[in-house]
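Structure, as structure tokens:
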Amino acid sequence: MSGIALSRLAQERKAWRKDHPFGFVAVPTKNPDGTMNLMNWECAIPGKKGTPWEGGLFKLRMLFKDDYPSSPPKCKFEPPLFHPNVYPSGTVCLSILEEDKDWRPAITIKQILLGIQELLNEPNIQDPAQAEAYTIYCQNRVEYEKRVRAQAKKFAPS
């Protein structure tokens, strides 16, 4: 494992614990031996107030490669969400998460999670990743928002 990646992720964890947006979660997972795995984080993004996503808490896994922060983490909703920019596998399609697009090593975990929260309610229809959600979003916004509200209710924190 890269010392650069681990040191950056340790800084990220410290900064997150000191200050993070209300309702968001970002925690490194534990290895079988109980030690912390900084390369694999369990996160959760709350649906934004005043949107059909409100009330939901959407679980996301963030996986970092050894060359982080040169390369972005892979962000994957578990379980996958109904959304035009979420692949059926759950992987998020967002330009700041793509090395050859808008990724920059200075982007923080907090910025990534806030960017994904923004994307939930403002899909990028130029870059669809899920045919069904994309089609319904474009053709029947009322039905799309109904499905999103049902999903938010399903993923409401207990």
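Each Cβ is built from the backbone N, Cα and C atoms, and glycine gets one as well.
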Range annotated region 'Interaction with SUMO1' in Swiss-Prot (choices 7-12, 13-18, 79-84, 127-132) is 13-18
If one consults Swiss-Prot for SUMO2 cross-link across LYS49, LYS74, the residue flagged is LYS49
From LYS101, LYS146, LYS154, the annotation SUMO2 cross-link in Swiss-Prot is attached to LYS101
Over the region 'Interaction with SUMO1' (13-18) the mean pLDDT stands at 97
Counting every protein chain shown, other Cβ atoms within 10 Å of the Cβ of LYS18 (SUMO2 cross-link) number 7
Spacing of the two Cα atoms, LYS65 (N6-acetyllysine) and SER71 (phosphoserine), in whole angstrom, works out to 7
Reduced to three DSSP states, the region 'Interaction with SUMO1' (13-18) has 6 helix, 0 strand, 0 coil
